[in-house]
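Here is the structure we will look at.
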Amino acid sequence: MEALKRKIAEDGIVLSDQVLKVDSFLNHQIDPVLMQQIGREFARRFEKDEITKIVTIESSGIAPAVMAGLELGVPVIFARKRKSLTLTDDLLTASVYSFTKKTESQIAISGNHLSKDDRVLIIDDFLANGQAAEGLLSIVKQAGAAVCGIGIVIEKSFQPGRDELVKKGCRVESLARIQSLEDGKVTFVQEVRS
């Protein structure tokens, strides 16, 4: 997605050869116009999949997931990382390690919101090692629902997340794929267009 790549090139800050800071438009301050374009692009890529629900993880996955849900006309469920007094019944849970925060979280979704009849699109802001996506996959499978695909805003292609998800039979659609963050510079994967 060219608009996203431009925004990353202009406003993204390379903190190391492993970490890209995009808090000025994606995961702290949100650019609503860009987020709307992201939602439309996910909807375009998954429009034929008969998606019934979108599942994401709090908090940075919520904005792109909601915009995609708006475009597809389907509800969005976000997995919570913290216990809630209201999130108690029929919990579907998984353990997730955050590459950026270097912490492990127990994520949960109420089983009341997912059923075996659902066709789910998983959306997240970043794909690095694939831990968040794998946790969400586990939760969706616990509900007996079908995973139609995984939509990623920014993929760090130099990390193993995509390969791990593809090995599990997942379709992964990333809007911007980063080949490298070496020497303080963002280099994108050159996609072959068919």
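FYI, residue positions are counted from 1 along the chain as it appears here.
Quick reminder: no glycine exception, Cβ is built from N, Cα and C everywhere.
Note that the structure is a prediction, hence the values are computed from the model and not measured.
Secondary structure at ASN27 (xanthine binding site), as computed by DSSP, is coil. The xanthine binding site feature in Swiss-Prot is assigned to LEU20, ASN27, LYS156; the stated evidence is sequence analysis.
The 5-phospho-alpha-D-ribose 1-diphosphate binding site annotation in Swiss-Prot covers ALA128, ASN129, GLY130, GLN131, ALA132 and is backed by sequence analysis. A sphere of 10 angstroms centred on the C-beta of ALA128 (5-phospho-alpha-D-ribose 1-diphosphate binding site) encloses 23 other C-beta atoms.
Once Cβ contacts within 10 Å are tallied over all protein chains shown, the binding-site residues LEU20, ALA132 are led by ALA132.
Distance between Cα atoms for GLN131 (5-phospho-alpha-D-ribose 1-diphosphate binding site) and LYS156 (xanthine binding site): 13 Å, as a whole number. Taking the Cα of LYS156 (xanthine binding site) as the reference point, the closest of the binding-site residues ALA128, ASN129, GLY130, ALA132 is ALA128. ALA132 (5-phospho-alpha-D-ribose 1-diphosphate binding site) sits 17 Å from LEU20 (xanthine binding site), taking the C-alpha atoms as the reference points. In sequence order, VAL96, TYR97, PHE99, LEU127, ALA133, GLU134, GLN159, GLY161, GLU164 are the residues of the same chain, not among ALA128, ASN129, GLY130, GLN131, ALA132, whose CB sits within 8 A of the CB centroid for the 5-phospho-alpha-D-ribose 1-diphosphate site.
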